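Reviewing the structure listed below.
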Amino acid sequence: MSIFIGGAWPYANGSLHLGHIASLLPGDILARYYRAKGEHVLYVSGSDCNGTPITIRAKQEGVTVKEIADKYHEEFERCFRSLGFTYDCYTRTDSEHHHETVQKVFLRLLEEGYIYKKVVEQAYCETCTQFLPDRYVEGICPHCHEAARGDQCDACSAILDPLDLLEKKCKLCGSTPSVQETEHFYFALHKFQQQIKEAVEIAKQKGTWRDNAIQLTERYLKEGLQDRAVSRDLPIGVPIPVAGYEDKKIYVWIEAVTGYYSASKHWVEETGKDDQEFWDKEAKTYYVHGKDNIPFHSIIWPAVLLGIGEEAIPRHIVSNEYLTVEKRKLSTSKNWAVWVPDILERYNPDSIRYFLTVNAPENRDTDFSWREFIYSHNSELLGAYGNFVNRTLKFIEKYYGGTVPKGSIDVELKDKVEGLYKSVGEAIEQTKFKVALETIFDAVRFANKYFDEKQPWKQREDDPVSCEETIYNCVYLIANFAQLLEPFLPFSSERVRNTLSSVKVNWEPQNTLPNRIDNVQPLFERIDVKQIEHEVEKLYGAVK
């Protein structure tokens with residue numbers, strides 16, 4: 001089976017925060033799971049280095065756009081690597097291969113009659129002497145009357161035209177823009193209304209899109225899909241490949257999402273492999289992002305793919321809701337966020353992955369609190385999983401000199417483990433990651449109970465053969481937990497496999513156990529609960 005996984009592209013205008021990771025982590029869980037099953041996986045993403053936010057940040061800091069893009073792209077790569085993300089290709093939108101691919105897609109859509117020219121009115125700043133791209137205009141949403149950008153309202157998810165905003169202001173200088181005529185290219189989205197409607201119906205029947213993606217897309221379809229501008233007067237970006245229009249740039253509506261396609265082509269260049277299997281209609285595709293990116297993946301990207309004749313339109317849309325911080329809406333401008341480079345300096349990446357999965361905003365907004373984060377680490381990772389692994393392996397080290405005792409696998413335990421691979425695998429494929437991880441930890445708690453009830457410390461004296469059976473079965477459980485938890489907790493899983501001299505990762509019961517164990521070390525360290533107060537004070541102290 002061919003599995004394509006696309007993770008949304010973060011803007012390279014500032015550090016990643018936990019809200020980004022909460023929405024992107026499911027992509028890595030999927031990639032690790034399907035690879036363990038032996039499927040062909042292509043997992044791609046990259047840094048958006050062309051967006052308006054980067055230009056604005058560069059102007060604010062008095063540096064070049066490239067300096068800003070380079071700084072954060074490199075930081076993103078480090079953060080994703082430290083968190084265990086396993087992208088097959090992580091690239092950037094200011095690269096030559098991305099520009100070439102986007103231009104080819106633009107020309108193909110133009111040739112097929114899906115892109116046309118149109119004279120329109122656009123916001124123009126007399127002070128800055130330039131036409132203002134959508135994100136350069138800020139004001140009040142005409143639908144919900146909350147603060148909004150010129151392209152989209154985060155409060156009500158309405159797609160906007162900058163001229164629709166009330167109380168319009170130029171983001172750069174704060175002055176009120178005028179309105180002037182200019183010519184732009186438009187994407188004929190209305191031509192794809194029926195095909196996208198059919199795709200939504202299929203997703204609804206099969207449950208392959210998150211509810212928020214279905215509801216929002218149905219809303220847009222009910223209103224009727226509106227043609228969208230796909231060119232803008234921007235200082236950076238992909239130039240329009242049409243004579244006389246080279247000064248205009250291909251707009252984010254099709255440029256950013258085409259990054260999935262350009263990353264795939266870049267992967268081909270790097271590896272010499274063929275990517276066509278991932279764009280075939282039989283391919284299983286997953287697009288992983290936050291709910292603010294839904295229309296790009298449920299409407300724009302399917303329309304682009306249909307327009308260029310590719311059949312692998314998004315089959316699974318994994319659109320998480322928002323993550324709040326200490327019960328407050330995350331705000332980068334006010335510095336109310338938990339920044340990824342910062343948390344990685346002090347905490348285990350598996351602790352971060354665990355919390356953001358069991359507390360994932362899969363169907364509703366969820367909250368990150370330092371209290372819950374630290375208590376979940378101490379009680380679940382250290383107290384349940386780490387405790388079971390450590391008490392078993394230390395027992396072997398102490399009483400058997402590191403040699404795993406011989407035994408036979410308990411039939412009840414074997415059935416339980418085989419059932420785990422099936423139920424956890426199904427939950428992952430259905431993008432129910434929280435359910436999948438909770439199912440494994442239910443089994444971890446069962447394993448601790450098994451150890452306690454068997455009382456091997458007593459069996460060793462009273463019934464040595466039964467003690468060997470107990471410990472053998474505990475090692476059997478540990479070996480399988482290391483496989484089952486690999487998509488979620490890759491670092492601790494690798495450490496367990498190394499201790500058991502089991503290198504291979506595959507999604508099937510591990511029935512062959514090691515003869516010896518080596519170098520038993522605790523999987524997790526206890527976090528001092530005093531850290532809670534320290535972290536909360538630090539968070540409040542950094543607020544602007």
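Quick reminder: no glycine exception, Cβ is built from N, Cα and C everywhere.
Per Swiss-Prot, the range carrying the annotation motif ''KMSKS' region' out of 99-103, 329-333, 429-433, 509-513 is 329-333. Annotated by Swiss-Prot as motif ''HIGH' region', the relevant range among 10-20, 274-284, 285-295, 461-471 is 10-20.
Between the CA atoms of Cys144 (Zn(2+) binding site) and Thr332 (ATP binding site) there is a gap of 22 Å, rounded to the nearest whole number. If you look at the motif ''KMSKS' region' (329-333), the same-chain residues 6 or more away from its ends with a CB under 8 A from one of its CBs are 14, 17, 19, 322-323, 544. Fewest other C-beta atoms within 10 Å: among the binding-site residues Cys141, Cys156, that description fits Cys156. Taken residue by residue, the motif ''KMSKS' region' (329-333) breaks down under DSSP into 0 helix, 1 strand, 4 coil. The average pLDDT computed over the motif ''KMSKS' region' (329-333) stands at 91. Excluding Cys141, Cys144, Cys153, Cys156 themselves, the residues of that chain whose CB lies within 8 A of the CB mean position for the Zn(2+) site are, in sequence, Pro142, His143, His145, Glu146, Ala148, Asp154, Ala155, Ser157, Ala158. A straight line from the CA of Cys141 (Zn(2+) binding site) to the CA of Thr332 (ATP binding site) spans 20 Å.
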